[in-house]
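The structure under discussion appears below in the form of structure tokens.
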Amino acid sequence: DHESMNCDMSQMMAVWIQNKLKSTEFPEVRGGVDIGIGTVNYVISNMQVVQCSMSGQSMEFKQGTGVSVEVSQLSLAITGSWATQFGIIHDGGSFDLAVYNININTLLGLGDEAGRLSITTISCSDDIGGVHIQFHGGASFFFEPFVSTFQGKISEMIHVRICPAIQQAISKLEMNLQKMPVSIPVDQYIYLSILFTSSPAVTDRSIELDIKGEFYSKSFPSEAPFSASAFDIKYAENYMLSLAASEFFVNSAAYAYLSSEVLQINITDNMIPKSFPFHLNTSQFGVFIPQLRTLYPNMEMQVLLYASKTPLFSFSSGVIDFQLPGAAKFSVVKPDGTLVPLFRLDVVSFVFGYTKLCKTKTNKQKGKRNSHTLTIGDFKTAMLEQMLVIAVNRFVLPKLNDYLKTGFLLPTLHNFSLINSKLLIKNGFVVIFTDVEDSWAVSTKT
């Protein structure tokens, strides 16, 4: 539910704050204590946070602004070294410091900066409930009368560093966000462009991010010849995050591959099993086109099978439909290896299947030839069209299925992973409902 979602997110933010405090550097503390017969100079150094714990945290969405994170009853365990000098007398040892009942309240603003997510610290406040210090080694008992003085100094030193440490971490996060590439390489052929179309919409229950994601060809980048349709996803009460992708997003990848001229395959006779009843040579093709036997006797043939138009995916309730407009160019392979173009044949193939998260499995395959019949001379090529459909099913669809079975990496942020994920196929888009796990924290089930 909503409260569980906020609980999980606040726990992640709390853990993140803890880790930032653990890495906070503390300067040396120097001073002097008048003991009546002179001044004992002291140095407290090597202070390091060795433990950080808390018993309360909460997070709230602030409508139109961002998020408010509150951490309560935070405790720090700090170790360090002490050293004293009184004339020629030197002494030293270690100390344990406990800082407890620290409360932190931070308001973070979310925005859009040049198409990238922007995050800023609007306000930060903190207070410290108490400090306890214990010295060890040397003449540590000497410090007991002055413990209250040390506690006050150290308490103030920690107080003035908590919010700056958080603000510095947020500023570093903001710098990293602005350095994140908006063009992400996918493979050697295409890349993905991701840009925010508006600032995050923050309500009292959620944050909504609108992003334009489009794939482009690296070699021939151009806008897809189709437009994106508006779609809306319902708020998922039992999940922390909802990710949705439209048909446009997926089809832009298909167009990018088409523009890269990689959606093609050369089929040669040596790719056809010997047991297959039909082979790519002019002797057998002479059954359909007798001229071949006369013009090019006993020569091998080659078929260039390619996408003639952009393959299109369409999403309907629970099903993905895939339309592949294909064409084939038949050629004769002369003894010197040169190709003699013969004719072109068009075919349309459909794939119907269901999708699973991070892995696509085609449950059914079906090739369907179109209604056109090409004629060369007096010979119709209906049987050739059927053979081409067989070639699509034998050579193209297995490659497509193998590619889809490898799945795809879902977008994630550094140190975060997606868990308890569920994918649904809706009309016009697919949506993933998921929880988010911080690698520093123990997973919490909602």
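Every residue gets a Cβ built from N, Cα and C, even glycine.
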Looking at the disulfide bonds in TrEMBL, identify which of Cys52, Cys124 pairs up with Cys163.
Cys124
PLDDT averaged over the residues of the domain 'Lipid-binding serum glycoprotein N-terminal' (10-220)
82
Let me know how many other Cβ atoms fall within 10 Å of the Cβ of Cys163 (disulfide bond).
17
So for Cys124 (disulfide bond), how many other CB atoms are inside 10 Å of its CB?
18
